[in-house]
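Record features, source TrEMBL:
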type     : residues : note
TRANSMEM : 16-38    : transmembrane segment
TRANSMEM : 44-68    : transmembrane segment
TRANSMEM : 80-100   : transmembrane segment
TRANSMEM : 129-149  : transmembrane segment
DOMAIN   : 131-270  : domain 'EamA'
TRANSMEM : 161-182  : transmembrane segment
TRANSMEM : 194-214  : transmembrane segment
TRANSMEM : 226-245  : transmembrane segment
TRANSMEM : 251-270  : transmembrane segment
COMPBIAS : 277-286  : compositional bias 'Low complexity'
REGION   : 277-311  : region 'Disordered'
COMPBIAS : 297-311  : compositional bias 'Polar residues'
Amino acid sequence: MLAACRKTRPKLTAEILVYLFFSAVLGQVLASLTQWLFFLGLQYTTATFACAFINMTPIFTFLVALPYGLEKVDLKAAAGVAKVGGTVLGFSGAMILALYQGPSLTKLGDGSSLYSSSSTAAVGHHHRWAIGSVALLGGSACWSLWFILQSKIATKYPALYSGNALMFLLSFLQMAAVALAIDGVTLSPWILTTKLQIITVLFVGIVGSGIGFLAMSWCVEQRGPVFTTAFTPLIQIIAAAINVIVLHEQLHLGIVLGSALVIMGLYFVLWGKSKEASSSSSSSSTGKEEAAMPRQLYSQDQETTVQMQTV
C-alpha cells in the first residue's frame with residue numbers, strides 16, 4: 001500500500017506523524033480509545049443502547065468543528081437554526097437514553113439476564129447502566145475527535161492509502177504496548193482458540209478496519225467530517241433488528257424515544273448543512289458570473305474601438 005503511492009504522496013513531516021499518532025489513538029480499531037470505551041459501555045449495557053449512543057457522534061463532531069472553523073452557524077438563516085436545533089434534540093435524546101429506561105416493548109428472552117425483578121439486582125443494574133452510559137458518551141466524543149483529526153490529515157497529508165497504513169502501524173504498536181503493560185510478556189492472550197474468535201478477528205481486521213476506515217477517510221476527504229458521520233444511525237437500526245430477532249434482547253421505550261430524538265436531531269443538522277452547501281454553491285457561481293461581466297464589457301469595448309478605427 002505504501003509502495004503504490006510512493007511517487008505521489010507528499011513529504012511525511014513530524015507534524016503529520018503527530019496527527020497520525022493521535023488519530024490512531026482515537027479512532028483505529030487495533031488500539032482505539034474509542035473502541036475500548038465502546039466495548040466497556042457494551043459490557044455494562046446492551047448492544048442496542050450502545051449503538052444508540054453512537055448516533056451522538058455527528059452532534060459531537062459538529063460541536064467540535066465549530067471552534068476549529070470547520071463549521072459555521074448563522075442563526076439568521078434557516079440552515080443555522082436547523083443545525084442548532086438538531087444539536088439540542090440530539091443531546092435531549094442522549095439524556096433520555098442515559099436516564100430513562102421505560103417499560104419493555106418486547107417479551108423477555110432467555111438470555112436477558114441484564115434485567116431483574118429483585119431490588120438488589122435492580123440497583124446493580126442501574127449502577128452498571130450509569131457506568132456504561134458514561135463510557136459510551138466518552139467513546140462518542142473520542143470518535144468525533146477522530147473525524148476532526150482526519151479532516152486535518154486530509155489537508156496536510158492527502159495520501160489516503162499511506163495515511164491509513166501508517167495509522168494501523170501506529171495502532172498495532174500502541175496496542176502491543178498496552179498488552180505488555182497489562183498482561184506481561186505472554187502469548188496466551190494473543191492465541192485464537194475457537195473458530196468464532198478467528199472469524200471475528202478476520203472480519204474486524206478486513207472489513208471493520210481495512211475497508212471501513214479507508215472508506216470513512218475517503219468520505220471525510222471528499223465531503224467533510226459532519227457529512228460522513230451522518231450515516232451512523234444505520235448501525236443502530238441494524239443492531240436493534242439483530243438483537244431483537246436473533247439474540248432475543250429486550251427493547252425498552254426509553255431506547256426508542258431517545259433514539260428517535262437523536263436521529264431527528266441528526267437529520268436536522270444534515271438538512272442545515274445541505275442548505276448551506278447549496279447556498280454557497282449558488283453564491284459562488286453568481287460571483288463568477290459577476291467577475292466575468294467586466295471582462296466581457298472590456299472585450300466589447302475593445303471590439304467597438306477597433307471597428308471605429310477601421311471605419
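Glycine residues also receive a Cβ, built from the backbone N, Cα and C atoms like all the rest.
A TrEMBL annotation is a machine prediction, not a hand-curated record.
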Going through 44-68, 129-149, 194-214, 251-270 one by one, which has the most CB pairs that fall under 8 Å from the transmembrane segment (80-100)?
251-270
Examine the transmembrane segment (44-68) against the transmembrane segment (251-270) and state whether at least 3 Cβ pairs sit under 8 A, considering only residue pairs 6 or more apart.
yes
Of the residues in the domain 'EamA' (131-270), how many are helix, strand and coil by DSSP?
120 helix, 1 strand, 19 coil
Going along the chain, which residues at least six beyond the ends of the transmembrane segment (251-270) come within the CB cut-off of under 8 Å?
48-49, 52, 55-56, 58-59, 62, 82-83, 85-97, 100-106, 226-227, 230, 232-233, 236, 240, 243-244
For the domain 'EamA' (131-270), what's the mean pLDDT in this predicted model?
78
